[in-house]
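Engineer: Handing you this structure, nothing more for now.
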Amino acid sequence: MAVYNLGSINIDHVYRVPHLPAPGETLSALDYAQGLGGKGANQSVAAARAGAMCHHIGAIGPNSDWVLAEMQAYGIDLRYVSVLPVATGHAIINVDPQAENNIVIFPGANRALTADMATAALAGAGPADSLLLQNETSAQAEAAAIAAARGMRVVYSAAPFDIGAVRAVLPHVSLLVMNEVEAEQLRAAQGALPQIDCIITKGAQGAEWISAVSEPLFMPAFKVMPVDTTGAGDTFIGTLAAALDLGLPREAAMRRASATSALQVTRLGAAQAIPTAAEVEAFLSTH
Ligand code: ATP
């Protein structure tokens with residue numbers, strides 16, 4: 001039982017600025033911080049912290065060893081991460097005093113992943129394993145097709161939303177996870193949601209699992225005082241994929257994912273805010 005996560009690995013460059021830069025303006029930042037980011041990396045951290053054997057399938061560029069060291073420290077297996085002669089994916093994030101931001105993302109090595117790399121990574125996987133994927137890399141459709149042919153559960157986070165990518169991956173998906181905005185975008189593009197298992201996350205309200213074959217399941221969010229909701233969705237999805245992979249029934253898996261992301265939003269940051277399994281157990285025992 002393992003979670004194979006075909007996912008982005010980014011370096012987040014976060015600049016605290018006095019105001020968001022205007023066109024043509026040169027601005028001095030007040031502060032700078034660098035950290036591990038990317039939906040894929042966040043989801044792998046969540047899956048590993050939830051106790052799954054997590055194999056990350058991804059790519060970085062040269063001179064980014066600290067990124068791998070950080071992922072490894074979270075317990076993520078990196079044997080399927082390639083080092084390519086392309087810049088590591090990165091995000092330039094400007095944050096103003098009102099916490100408003102603007103973000104430029106360079107996908108870099110994330111979009112240089114090939115179908116051959118995904119094929120090689122999935123060569124030993126089988127029906128007891130899961131493939132998790134998002135829209136921040138290349139080779140999603142090929143990887144999803146291989147995983148489905150191998151009988152794996154394919155969990156797809158349709159984010160960032162891109163209808164072309166979604167249509168290519170959907171035929172191979174077992175569980176589609178979206179937030180409310182993505183679900184609305186898919187409904188607008190297709191007229192309806194697909195007749196497969198779907199989870200729609202609804203922020204502080206909770207999350208709903210809709211299935212063509214069983215009753216819908218609504219999991220209310222735990223009541224917490226959020227300080228930073230960045231990465232809540234990634235935390236939910238990575239935890240859920242791990243919980244299902246470890247054999248939890250869907251209600252227990254949803255409850256665990258909900259508790260993990262509730263705790264995560266009470267802390268600053270994305271990956272570094274994801275709680276350990278022991279912290280989640282302690283939270284669940286009191287809620
Ligand atoms: P993001 O883009 O910020 O990563 P998202 O839009 O993909 O998030 P959300 O629907 O906002 O995802 O959140 C995912 C899950 O996290 C929710 O279904 C809920 O369980 C939990 N969550 C999010 N915000 C809160 C909150 N304020 N309080 C408690 N739980 C929350």
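Any Cβ shown, glycine's included, is placed from N, Cα and C.
This is the feature table in TrEMBL:
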- D234: active site, proton acceptor (ACT_SITE)
- N10, I11, D12, G38, K39, G40, A41, N42, E136, D234: substrate binding site (BINDING)
- N179, T201, K202, G203, A204, Q205, G206, G233, D234: ATP binding site (BINDING)
- D228, T230, Q264, R267, G269: K(+) binding site (BINDING)
- 6-276: domain 'Carbohydrate kinase PfkB' (DOMAIN)
Engineer: Out of D12, K39, D228, Q264, G269, which binding-site residues have CB atoms lying under 6 Å from ligand 1?
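Structural biologist: Listed by sequence, the hits amount to none.
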Engineer: If we check Cα distances from D12 (substrate binding site), which of the recorded positions K202, D228, D234, G269 wins as closest?
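Structural biologist: So, spelling it out, the nearest of the recorded positions is G269.
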Engineer: Please report how many Å separate the Cα atom of D234 (active site, proton acceptor) from that of N10 (substrate binding site), as a whole number.
Structural biologist: 14
Engineer: Based on Cα distances to N10 (substrate binding site), point out the closest of the binding-site residues G206, D228, G269.
Structural biologist: G269
Engineer: Same-chain residues six or more away whose CB lies under 8 A from the CB of T230 (K(+) binding site)?
Structural biologist: G269, A270
Engineer: Determine which residues of this chain, when D228, T230, Q264, R267, G269 are set aside, have a Cβ within 8 Å of the centroid of the K(+) site's Cβ atoms, and list them as they appear in the sequence.
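Structural biologist: Here the non-site neighbours turn out to be V227, T229, G231, A232, V265, T266, L268, A270, Q272, A273.
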Engineer: Just the number: how many Å between the Cα atoms of N179 (ATP binding site) and K39 (substrate binding site)?
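Structural biologist: Answer for this pair: 14 Å between alpha carbons.
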Engineer: Mind checking which of D12, E136, D234 has the fewest other CB atoms within 10 A of its CB? They're the recorded positions.
Structural biologist: D12
Engineer: Compare the C-alpha of A41 (substrate binding site) with the C-alpha of each of the binding-site residues K202, A204, G206, D228, Q264, and give the closest one.
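Structural biologist: Considering only the listed binding-site residues, the nearest one is Q264.
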Engineer: Would you identify the secondary structure of the residue listed as 'active site, proton acceptor' according to DSSP, in three states?
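Structural biologist: Going by the DSSP assignment, the residue listed as 'active site, proton acceptor' falls within a helical segment, counted as helix.
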Engineer: So the record assigns N10, I11, D12, G38, K39, G40, A41, N42, E136, D234 to substrate. If I measure every Cα pair among those residues, what is the longest distance in angstrom, as a whole number?
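Structural biologist: Between the outermost Cα atoms of N10, I11, D12, G38, K39, G40, A41, N42, E136, D234, the distance is 16 Å.
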Engineer: Say we define neighbours as other CB atoms within 10 Å of the CB. Which of the binding-site residues G206, G269 has the fewest?
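Structural biologist: Fewest other Cβ atoms within 10 Å, among the binding-site residues G206, G269, is found for G206.
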Engineer: Could you say which of the binding-site residues N10, N179, Q264 has its Cβ with the most other Cβ atoms inside 10 Å?
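Structural biologist: Answer returned by the neighbour count: Q264.
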Engineer: Pop the Cα-Cα gap between D228 (K(+) binding site) and G206 (ATP binding site) into the table, whole Å please.
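Structural biologist: Cα of G206 (ATP binding site) to Cα of D228 (K(+) binding site) measures 16 Å after rounding.
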